[in-house]
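The next block holds one structure in the form of structure tokens; read it before the comments.
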Amino acid sequence: MSDRSHVSPWSTDPISWVTTAAIPVTATVLAVVYSVIEVIAVPPRGGTLQWLGILLLAASGAIVHLRTRPPRGVLGAPEIMTIFGLLSAATLCSALDHQGVAFSITFWWAPFGVSLLLVAMAPYVRASSIAALAVALVGVVSLIAVVLIVPHDPSWPPVTTALIVVTPVVAGGTVSAVLSGSIVRRLMRWSERPLPGAPVIGPAGIDDRALVRAVDDEISEQLAAAVTFLRGVARRGEVTDRDARQARSLSLELRARLIADASATWLERVVRGHPVDLDDPERLADRLSVSQRTALRAMIDALLAHPESGFVSASIALRGSASGDVAVAMRINTTLPEGRRISFLAPYYVSLSSAVRDIQWRDGATLNVEFEAPAETTAGRAPLVQRTPRSETAGERD
């Protein structure tokens, strides 16, 4: 799996962010309205450079909005560099217009506008890029403040003036980077979390006590045979040869289960305990990207966790292609009639379509879904536990 700092929230779940596409527009409108009010209402009234700066700020927001419209969604290096240049120029124009004139620095629109634009970019830029952009903007705004603002503002000490100017930018960059990183982290954890055998989410949210009980029950089930055996030995007060053989058998069985758990792919963990036949001998599930995992997990989650899905059983097969991509075939059996089945799964089909290619959807007695998933890595995650080859000496000794 790729490092979380190299994935944006939009990349992990494109469909959710389509419904919140107004974030850049809202942030830009707020920044521009505040800037206009500040220039008009707070003395001294702004000149031509102030209005030019506001136009540059609005242009930055327009780029964020237009370049994140579906199906693009992610801001790349060219867009980020352009936005950096426009925001720096907007701040510079405003500072030049204020040069030589005392003004209320606590109401200065430029740092506030930069802060809002950083927050607006959070869903569409990975956390590391947001942090780098914020650091660069803090440096530029600090330099502009020290050179153009501090010498003409005697109302505050120079250091205090610089801190007042850069604080909104620091706050906006921090909020944006933390928001981007935390959303990606939560989605990645959710996409690999096994589905519960019984729902543990109620009206008040996740039932922590039910979740703890489920984990305790699973551990108790794994250790039940060993605990029963040890209690029997403790009651008898002696260990026989038969006990030694049984202990060895139990230890090998427990070891095999632990190795299987540690080496399971994320898809194996998701469908374990449910009527889903998974055929993935090459462990190709671990080669899928975060957005592909999230979209596939959402569809599986909808089928297995919602009673209205009418889910009966399913089979999922993954195979490698000559191009290095992962071919996925799903066969889904539900009790829903064809029309309701399509309506129920339509949002998940759209989400999956945004992350994969060549998707085919054939409905009938069973629903068949096939698609090609461009692999994120050339090799899946290696098993966490591997069996050490037995030496000839050890074999002879046994």
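Note that Cβ sites are derived from N, Cα and C of the backbone, with glycine treated the same way.
The transmembrane segment annotation in TrEMBL covers 15-37 (among others).
Annotation comment: TrEMBL describes 49-68 (among others) as transmembrane segment.
The list of residues near the transmembrane segment (107-125) in space but at least 6 beyond its ends in sequence, with Cβ under 8 angstroms from a Cβ of it, reads 8-10, 17, 20, 23-24, 26-28, 30-32, 34-35, 38-39, 42, 53-54, 57, 60-61, 64, 68, 73-75, 80, 83, 87, 90-91, 94-95, 98, 133-134, 137, 141, 165-169, 171-173, 175-177, 179-180, 183. Annotation source TrEMBL lists transmembrane segment at 107-125 (among others).
What TrEMBL lists as transmembrane segment is 130-150 (among others).
The feature transmembrane segment is assigned by TrEMBL to 162-184 (among others). Within the chain carrying the transmembrane segment (162-184), a Cβ under 8 angstroms from the stretch's Cβ atoms is held by residues 4-5, 7-9, 12, 105-106, 108, 111-112, 114-119, 121-123, 125-127, 130-131, 133-135, 137-138, 141-142, 145-146, 149-150, 156, 290, all 6 or more beyond its ends.
If you look up TrEMBL, you'll see 378-398 marked as region 'Disordered'.
The compositional bias 'Basic and acidic residues' annotation in TrEMBL covers 389-398.
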